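What Swiss-Prot records for this protein:
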TRANSIT   A:1-14  transit peptide
ACT_SITE  A:69  active site, proton donor
BINDING   A:143, A:169-172, A:192-194, A:261-264, A:286-288, A:343  NADP(+) binding site
């Protein structure tokens, strides 16, 4: 009897979590190591035991693994910036969370979401509503939030205004289209040419994109003619750099703002002097990590609420492709292929 | 008697003005034409007859002649954006000016200052004090005003703050050094290398420049070491573009602003994506013409007053080389040579 009770006790106090660790900084295909570790449910006062449900593979996650991101995650840390989990147990001093609550990272520091279970402090978690699909919740903190802030924090946009963006087929780009559409802001969307070009155009238009064109077309007089009856864009969103960013600056209205939030081409942002001096174009940058550092929980809550509200009204969709955590390698590979237009999300309990 | 009176009357009603006209857009050495024309002193109601005293040859004047500036002056117009003159006669409806007042262009539109006499409307003129040397007054509207606004309109600078600029040997650059010095702001000044490098370093230091280095030196670790005990610059002023502007962006403090007001290298402004995203560098532009369009006479007056005040206190010097208007060709040639560190000013009555 005694010995059986001891075994049961052991079983109850430890369970296994699978996690993807950064074993070295470099190519994601070789730098990561999948490890099993024991997680105790004897958690301390302020801690919360979370069973992770979903986590996306974001481009920023890959950059962190490569060691090329603005913040570093030490070797040995768990990869993954965002995700969603369900609270399994809370410490006696935890006041804001209870069992079965859904939580996402508070984004105040690197989270390490690519694992099936974890223990975090209450401050590292942020409660989210239960009526939003968990796949959506897992990707809410980075891409839709970035899109929302890009549209809100730089230029005062009103119904009928026009914006232009490149990388429009990314999840931020697709989010921008829908958030703009909901506000009556028109979008000019630039995407890469390629075999799936027509499918991409259709998808972006279905989501509400007003104009969808290729990077090459933007440089033609025909494009200028196409947009000639629209007001000039007050805001340009750049995640590419190089020639693509330069073109956006030329199309901006006088006094317009170009915001860079990514650099997919790995080329710098190059702006003709005349655009800066004679047309008063402003060049800014946006980094979500910094935004989270500098803003309160209630400011974050109101951004999330705005997005949740649109999701409930079916005005905001996320295109997601789920992969089992047990098939991580394929998911990682897929996430590195460009142009498939869907976010790869890990199903962490499978 | 009668016939003599008529002749005297003719002599009194007309006098000759020599002016430099833009005969075509192109190289200043071939595009300009010096013309004599009769100026009547029978001026209308709102007009003012001005005898011009001095006018500088600014780089922007050359760009206007070349047809590469943001505003165009039609072929046939008189060249020269700024200068100073003395009022010789006012129309009966003129209320703000009287004979012997000193005036500079109001800068609301192209002035055409390279002439010995001219008739302008009261609105095109702006009264300036008589206790400032007229050579200084002739160059006050563009270079010192630009320097003042670059230091005031973009970043809130306080005593002990640091700024960095390239083209520091230009008249704007020299003005920035002195205006910053008067406010207790430290300057890092980048100039081109060359035969007169040591002389230039000495001159800039005498005017109050804290650090003076060459474009090449800025890229070295030794430069980083040299500035390591200073606070990082909050503001960078760029009139060069290309690699020089890129280097300024790297040296800026996080959240710093790079303002472009010229593009001497004819290369665009190129900023690494990481500076924009992770360090929140902002890239802006400044165009004085636009500033004059958007600001009132009293705002302009207070900028001029601040500069006049420093001139009176001998805290602000302009390095000027005067040339006779009758030797315009040599003056023009001299103004196109770089690195002599003095502003070429035409003496329009000689």
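For all residues, glycine too, the Cβ spot is worked out from N, Cα and C.
A map of Swiss-Prot features onto the structure.
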residue : record                    : DSSP (3 states)
A:69    : active site, proton donor : coil
A:143   : NADP(+) binding site      : helix
A:170   : NADP(+) binding site      : coil
A:193   : NADP(+) binding site      : coil
A:261   : NADP(+) binding site      : coil
A:286   : NADP(+) binding site      : coil
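Proximity of residue A:288 (NADP(+) binding site) to non-local residues of its own chain (separation of 6 or more, Cβ distance below 8 Å) is seen for A:107, A:142, A:145, A:146, A:149, A:261, given in sequence order.
The C-beta environment of residue A:172 (NADP(+) binding site), restricted to residues of the same chain at least 6 apart in sequence and closer than 8 Å, consists of A:143, A:146, A:147, A:150, A:237, A:239, A:261, A:262. Taking only the Cα positions, the spacing between residue A:170 (NADP(+) binding site) and residue A:69 (active site, proton donor) is 18 angstrom. Cα of residue A:193 (NADP(+) binding site) to Cα of the residue listed as 'active site, proton donor': a span of 27 Å. Filtering of the binding-site residues A:143, A:170, A:261, A:263, A:286, A:288 by Cβ separation from chain B (threshold: under 8 Å) yields A:261, A:263, A:286, ordered along the sequence. When the alpha carbons of residue A:263 (NADP(+) binding site) and residue A:69 (active site, proton donor) are compared, the span between them is 11 angstrom. Its Cβ taken as reference, residue A:69 (active site, proton donor) is surrounded by 21 other Cβ atoms within 10 Å in the chains shown.
Summarising the environment of residue A:170 (NADP(+) binding site), the number of other Cβ atoms within 10 Å of its Cβ, over all protein chains shown, is 24. Cα to Cα, residue A:286 (NADP(+) binding site) and residue A:69 (active site, proton donor) are separated by 14 Å. For residue A:286 (NADP(+) binding site), other Cβ atoms within 10 Å of its Cβ number 21. Sorted by the number of other CB atoms within 10 A, the binding-site residues A:143, A:193, A:263 start with A:193, the lowest.
Every protein chain shown contributes to the tally, and the Cβ of residue A:261 (NADP(+) binding site) ends up with 22 other Cβ atoms within 10 Å.
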